[in-house]
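According to Swiss-Prot, the protein has these features:
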REGION    1-73  region 'RNA-binding and homodimerization'
REGION    175-210  region 'CPSF4-binding'
REGION    200-225  region 'Disordered'
REGION    218-225  region 'PABPN1-binding'
MOTIF     34-38  motif 'Nuclear localization signal'
MOTIF     132-141  motif 'Nuclear export signal'
Amino acid sequence: MDSNTVSSFQVDCFLWHVRKRFADQELGDAPFLDRLRRDQKSLRGRGNTLGLDIETATRAGKQIVERILEEESDEALKMPASRYLTDMTLEEMSRGWFMLMPKQKVAGSLCIKMDQAIMDKNIILKANFSVIFDRLETLILLRAFTEEGAIVGEISPLPSLPGHTDEDVKNAIGVLIGGLEWNDNTVRVSETLQRFAWRSSDEDGRPPLPPNQKRKMARTIESEV
C-alpha cells in the first residue's frame, strides 16, 4: 500500500475529528454539517477499502498535523494572493479582428475561435491570465498571432458560464493548436504560458499533446453559424 495513501487517510481522519469537535460546540452552519456527514461516510468507505481502523488512523493523523504545525511560521499560514501575468499589451487585447473562414467551438466555459483561411504561417499563442500556487488559475484572454502581428485565433471565457480549471484551458489550447496545425501552420506557445500551464514542452515551444491528437481535435471544431 502506498505510504502517501495511508498518511493522507490519517490526516483526513484527524481533520474530520477536529471539525466534529467544532460542530459539537454548535458552531457549524448547515453546509458545514452537511459536508461533515458526507465526509464521515467517505472516510468509512476508505477505511474499509484500505483495511485501516479510523480511530487508530485519527491518532496517527494528529501526530502528523502536530509535527507540521511545529514547523510552521505565521508567515507560512497566509493565503497566497493571485498574480496577474501578461503576454499581450492592452492594444493586442482590445484590437478587433476579422476571420475569412470563421470556425468556432465551445468547450465547457471557454469559446475557441480561429480563422481556417490561415495557412503555412508561424504562429505564437499569447495569453493574459492569473496564477496561484505557480499554476494557471484563470484565463483572461488568449490570442494567436502571426509573425506579422495579425490575430488568427482566440480563446476567451464565456460570461454566461463562469469558472474553468487549468485543465480546461490546456484542453482548449490543444483544440486551437490542432485546428491551426491542420492547415500546416507552425504553432508555439509563449514561455510564460508554458511555464504555468505545463510542466514540460517540446523544444520548439509547443506543449506536449498525445500522438495524432491535433487531427482528432481539428475535426471536432464546428463551423460558426
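Every residue, even glycine, has its Cβ placed from backbone N, Cα and C.
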Subject >> the motif 'Nuclear localization signal' (34-38) [mean pLDDT, rounded to integer] >> reply: 91
Subject >> DSSP helix/strand/coil residue counts for the region 'RNA-binding and homodimerization' (1-73) >> reply: 61 helix, 0 strand, 12 coil
